[in-house]
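Structure first, commentary second.
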Amino acid sequence: MSLFNICTWWSTQCSDLDDNYDVASLLCARFGLEDKEKDYIVVGTHAGHLCIYYPSYEVDASGNVHGYRPTDLLLEQHGNSPILGIYAGRFTANNRKENTNQLAVLHPYMVIIYNLQFIGGVAEHGTQLCLQQVHVYRFDRTAFTLCKGHFGKVKGREFFCVVHLDGALTFYEQDGITYECKFPGHRALPTPIVYCERTDSFFRLASAWNLECFTYQDLSHSSINKSHYQPTWSICLGEGILDMNIVQTKSDYASIMILGERNFLCVTDAGKLEFILKLDYAPKCFYSFVIGYHWEPPARLITIIVSESSKLFIYENANVIWAAHIKHESPVAIQRSNLNGLPGALITLGPSGQLRIGYLGSDPYVFQVPPLNIEELSFTEAQKKLQELEQEIKEATDIQNMDIINQKAYEDVILAFTVNPEVKAEADLLLLEDVPANVSLKELPISRAELRWHAKEGLSEMQIVFNTPDGIRCSQSALTYVNVKGDTSEMMELEFFIAELLHFHTSKVEVVVSFINLKGVPRVIQKVAFLPLNMFFKVKQPQKAASIKITYNISLEEEKIPKLRDYFSEFISWENEPQALGLVLLTSVGEKRLLYKALETQNLGPDSRKAKLKGQINPNTDYITAAAFIPVQPILHRIDVHHETQENIRKQTLELDELWQRFKELQRKLQEKVDDEPKEILVLQIEENYDCLIAEGDKLVEMRKDELKHRCDLTCAVSVAKFIISALKFEAKLVNIISSVLTTPAEDWTELSWEESMSAGIDMLHHYGPLNSTKTNNQHSMIDSNTSAEKSFDYNRFRRNFSILFERIVRLSDGYEQQLGEVQSVGTIVPKRGEVEVVEQKSEDMANMHEILNVQPMTLAPVAVKRLKPYQRSCTLEAVEDDDEEEVSEDEEDLRTMGYKKDYGCKEINQASTDASQWMNEEFKLPDSDELFNDLGIWW
């Protein structure tokens, strides 16, 4: 918003509403109809409309201001021929009055001279004007523009010449003399022509972008067939011009003002360049005038230039003295005029006929500081307002209609996305440019997919985007369609390949189709598919001493047991029926391999096989259970590594900023050095600083690469934890809350790391979720006291809360299983049936892995396994973690108020035992939803 604006004083809309206006459509002049008259405003359009206004601005006795009135329009008529330009002057010889002017209207094939006459009004409608035709000059060539002046330095009369589209000139004198001539040269383009009375010369722009000067005597004595004369002088401008006019600034010369496409120039009538001003904006129109008399020394040359961006600049010679903003659309013509009540008014004409009169002014913005309303944050009131807003949203949202709308979107665009389970051994040559140099072709298996879409109705726009995990790329990242016709379908073949050697937390590929129908309503649909596991693993001989082992325990009759190939069809053919399968990652040797064997790849198998496991054997059993164990220490190790990398990047960035500031300071000193002073030392310092900048920049690039790897490792670790939590016997609401806090994939921003973005959710769960050991009625007050105290990010506190969250989830889940009396196997040990082993490397390499991760190895404890009933199965991961004796008392204290006691560890519960305390629930009922969430500190 600009402080200085063009303030509107008077405005109206011309009769023609189309874009039929240009720079020659506006004229401000006096016709000598009355004494002490002001300027009339004449507007002509390409559609043949002609309007004459005489603006007035009055204030009545009550102080009301009246702008445009209907009486301001004195003449309005519509002709059959377009109006190319309007001009005022003494064009007839019988004009006896000295100050009386005629109106010349230029049409494509004629010029009409009019006299203006007053028609007195007999009512309150006021006076009007009428046009009296004096003379009509017709010609055969199409006209382009008109130039008028006292040709031959004739006093008391004005002649005019018409410039045609072929570059020829037709002169008309009042005595009836008419002659034609052409400018010399091979080509004569139609350009604006101006006349200088002081030198009796014409100026025009030639086809070579040269400004040429011709005297009136040479043009009048030339013949149309013999043009042997040459310009008096010529100067190269080097660009096309938008407009040109001439003003008398000094008594000894006149100035030719030229508005070019990129520059503003001033040339004297003798061919001398007075100044050239390079414009940093796109000009549209201009107007030049002189304040004072040219024979007096204080005369000032003022120029107004309007830009395409609705900005107005006022220059005195080549210096800008004022700038203002035009609130409306950028005008096509501008002039300065003296009106009743406003001398020096700015007249602007818009491209669609918006005629406005304004003046230079300002709209000051008085800023008032709002009163500070500092109130302490009350969690209770905020929670109450949030519940009220949620209730309003639920009442205003029709869930049934939303389901119908979403279903309609899937019916409008039918989408089918399938992934071929077979992979290619090598990548195509077309994909090699996206592959880093350290990855060989044998490490890049290609998975093919097929996408089919069919649009039943017409769409104005449709976009298809493929979302893949980091490190996996698609041959088509995004597709956009415009103006899709109804009943249109297309099938495309896609290829997915591994572009970077990273750890992948999922093999899921998501296709998102967003489209806008012809009614302008946007819709989004999506399809999900999983890439085959043989794109990430290769088959290896199974080993009993494997580092990671997944076992399925199935209790069915022999003939009903599913085969191993039903779950891993990518690796096992239909001819073979093995009882065990060994897999190893497609990766390079070294430290990365040890990391792959720890935690990062455990989510790939369960994530892609979850759909096959659910309901495969027994349709009535649609869940997967896991024991109450979460690998807390490996996850915290990933977080520590990621946080350390982020801190190193921040330090490296600060160091680069210091080097850059030092580099600029040295350059500034070098520029300030005098030529005689020695500069060798500064040059050496600059070169040394530059080398350090390059070296530190390369380090930052490598740190960014390590950051991506550590971020992927962290995403994999958190995904494993989320998968285990989803398999615990918690209610869906609790699982959704924890999953919403543990967001994946991990993202880092410039000013906010993943740890800082996660801190708020973890901290909130720590205050009133399952991490809090305080009584329920003290939750809100404790939140209110801690919210204002915490102002900065504390990583140690975040790490402690993160660890406590997982530990208490494990203990709560284990306690609920004991209350139910159900002992579930966490890793299901299989006796001879349906055994699957994931083999990474020899078991002796696990010592190296623990040494790298800086964690203690976790041993497996023997667990008693119950015989499952027919048509029941359990598929979980087995591990045992030592209990924390210090926090057991807190859990017992939480459950003591509810009437339940927790026994930790995988033990059988003897219902007939008499060792139970007095506060134990003897009926062993599972807590309901309210009791469970109250125990976790979550209220609904």
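Note: Cβ is positioned from N, Cα and C throughout, glycine not excepted.
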204-231, 372-399, 456-483, 792-819 - the one TrEMBL records as coiled coil: 372-399
Structural state census, the domain 'PTHB1 hairpin' (630-727) (DSSP three-state): 89 helix, 0 strand, 9 coil
Secondary structure composition of the domain 'PTHB1 GAE' (448-528) [DSSP: H/G/I, E/B, coil]: 0 helix, 55 strand, 26 coil
Averaged pLDDT score, the domain 'PTHB1 C-terminal helix bundle' (732-809): 70
